[in-house]
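Below: one structure in structure tokens.
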Amino acid sequence: MRFLNNNTPTHDLTYSDVFMVPSRSSVASRLDVDLSSTDGLGTPLPLVVANMTAISGRRMAETIARRGGIAIIPQDIPTDIVGEAIGKVKRSHTVFDTPITVTPSTTLGEAMSLMPKRAHGVALVAEGDRHAGTACPRGIVSPADAVDEDRFAQVHEVMTDFLKVSPDATPREIFDLLTANHQEVAVAVDGDRLVGVMTRKGALRSALYQPAVDAEGRLKIGAAVGINGDVAGKTEALLGHGADVLVVDTAHGHQEKMIEALAIVKKVRDRVAPDVRIVAGNVVTADGVRDLAEAGADVLKVGVGPGAMCTTRMQTGVGRPQFSAVLECAETAAGLGRSIWADGGVRHPRDVALALAAGAGSVMIGSWFAGTHESTGDLRTDAQGRRYKESFGMASARAVKMRTRDQSGFDRARAGLFEEGISSSRMYLDPDRPGVEDLVDFIVSGVRSSCTYAGARSLPEFNELATVGIQSVSGYEEGRPVSASWS
Ligand SMILES: NC(=O)C1=CN([C@@H]2O[C@H](COP(=O)(O)OP(=O)(O)OC[C@H]3O[C@@H](n4cnc5c(N)ncnc54)[C@H](OP(=O)(O)O)[C@@H]3O)[C@@H](O)[C@H]2O)C=CC1
Ligand SMILES: Nc1nc2c(ncn2[C@@H]2O[C@H](COP(=O)(O)O)[C@@H](O)[C@H]2O)c(=O)[nH]1
């Protein structure tokens, strides 16, 4: 990446402070761009879901991995529950979505309450044990079937027939069948057994994205480890459960306790699962990168204070504008044969593009994904009928309370005084993009386009060719679309 007219900045920059200029390009189509991450994780998409309790769970992990990214399960979740989440993701189909499944005697009210947990918006009525892979679909219910029906009716009374497809059908064939049959969801069955479901959008996405899979062809998922407690035991357990990447995570990554924790994680990793990458952070300086790389990190997590749930900069004055932090840390990491994740502060597709242009191997997103069907929270509706989910920061009093649940009341209350995050925030679902895959489509179309403007066919080329300029506030403002009217 270079600065326009070699105008190297004398102060640090945020994503909003910069823009990219187009260059002469021989890339004829946005579909010719390969967005594989450059962080050594081997994911086909450079997107990571942040290890935040309100956001990253098994539904999110499964959905994002199917489209090529990876989610990190937070360190605050008990290790056995993380193990269950990893197991479920590993058992998920790499192409077909996992449906909401109910039994024939489930009440309509219960089925309706479960439907928003998946973007495809229906529940499958099945007999047999879905956990054991023996579920046999018998019908399908959608919100349309519930109109004027009693909430206590059993779903077998209102379910309708469904479009059955072979698991070997191509996405194009399924798309055409759905269109011809005026159906929203196709159900893949193997004999009588449920394999998964696919919508028309799902069929299009299956043709556009590659899943992120491990050596055995199963979806990938990562898990976070804190720097306190039994770091060795937790690391060993997570690796035993099959975590594909470990994220050693704390607010102030450039501290000696992190360096000690990293040495422990590395020792266990080298013995148990040498191919698993270790990500560590957060840092924002070249010195931080060097120290954590030396301590054993393969990838450095970069970002102090840019997060949407973050109060660190206002509380402490500490942090660094994210674009400059990413640029400096990515250059330093590359010099050491390492990579970085740009963590936090992403609010638009352009921010992802700019982080990748600056050399990030992948980009970590938290709060933007909180307002989606797949995030962990329950869907709520406000007084105006708008749908939202509640989110909170991992250093908020709320998160600290959860993290210190094994400590005395006094110690928990004292820890809660050191909050550096927001305890409750409403993240509204975008009516046009209510699912995380809708947001991924939005981001990926933007980033593919950014690459072609720079003349790049891959992310290493993008990092090499991107030309970045510095803009004023009005320069940024000029680029914002006028969504409603001029008045
Ligand atoms: N990217 C960012 O800007 C930030 C991210 N976070 C996220 O919040 C989560 C919780 O992290 P964290 O608060 O570190 O909790 P942890 O549970 O990981 O504990 C942090 C440990 O580091 C010690 N510590 C020393 N200095 C600091 C400091 N300035 N801030 C925080 N801890 C410090 C703490 O001791 P003691 O409590 O006694 O001081 C504690 O032992 C993580 O996911 C982290 O990424 C949190 C804040 C900023
Ligand atoms: N200072 C704090 N930072 C936090 C907290 N919870 C999470 N985070 C960081 O934010 C990113 C995600 O950023 P986003 O803009 O995409 O939401 C996450 O990975 C953490 O590094 C917090 O309570 N305080």
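Cβ atoms are placed via backbone N, Cα and C, with glycine included.
Pulled these from TrEMBL:
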- Cys310: active site, thioimidate intermediate (ACT_SITE)
- Asp249, Thr250, Ala251, Gly303, Val304, Gly305: NAD(+) binding site (BINDING)
- Asp249, Thr250, Ala251, Gly303, Val304, Gly305: NADP(+) binding site (BINDING)
- Gly305, Gly307, Cys310: K(+) binding site (BINDING)
Show which residues of the chain containing Gly303 (NAD(+) binding site), separated from it by at least 6 in sequence, have their CB under 8 Å from its CB.
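Counting only residues 6 or more apart in sequence, the Cβ neighbours of Gly303 (NAD(+) binding site) under 8 Å are Gly281, Asn282, Val284, Gln322, Ala325, Val326, Ala342, Asp343, Gly344, Gly345, Met364.
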Could you check what DSSP calls Gly307 (K(+) binding site) once collapsed to helix, strand or coil?
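Once the DSSP labels are grouped into three classes, Gly307 (K(+) binding site) ends up as coil.
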How many Å separate the Cα atoms of Val304 (NAD(+) binding site) and Cys310 (active site, thioimidate intermediate)?
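Rounded to a whole number, the Cα-Cα distance is 9 Å.
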Around the K(+) site formed by Gly305, Gly307, Cys310, list the extra residues of the same chain whose Cβ is within 8 Å of the site's Cβ centroid.
Gly303, Val304, Pro306, Ala308, Met309, Thr311, Thr312, Arg313, Gly319, Gly344, Gly345, Gly393, Gly421
Which recorded positions from the set Val304, Gly307, Cys310 come near ligand 2, judged by a Cβ under 6 Å from any of its atoms?
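So the answer is Gly307, Cys310.
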Return the single residue from the recorded positions list (Thr250, Ala251, Gly307, Cys310) that has the minimum number of other CB atoms within 10 Å.
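Across Thr250, Ala251, Gly307, Cys310, these recorded positions, the one with fewest Cβ atoms within 10 Å is Ala251.
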When you measure from the Cβ of Gly305 (NAD(+) binding site), how many other Cβ atoms are you left with inside 10 Å?
24
Around the recorded NAD(+) site, report the further residues of that chain (criterion: Cβ within 8 Å of the mean position of the Cβ atoms of Asp249, Thr250, Ala251, Gly303, Val304, Gly305; site residues excluded), sequence-ordered.
His252, Gly253, Gly281, Asn282, Val283, Lys301, Thr312, Asp343, Gly344
Over all pairs within Asp249, Thr250, Ala251, Gly303, Val304, Gly305, the annotated NADP(+) binders, what is the largest Cα to Cα distance, rounded to whole Å?
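For the residues that bind NADP(+), the greatest Cα distance is 14 Å.
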As a test of the contact definition, list every same-chain residue at least 6 positions from Asp249 (NAD(+) binding site) whose Cβ is closer than 8 Å to its Cβ.
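In sequence order, Asn51, Gln75, Ala224, Val225, Gly226, Ala280, Gly281, Asn282, Lys301 meet the Cβ cut-off.
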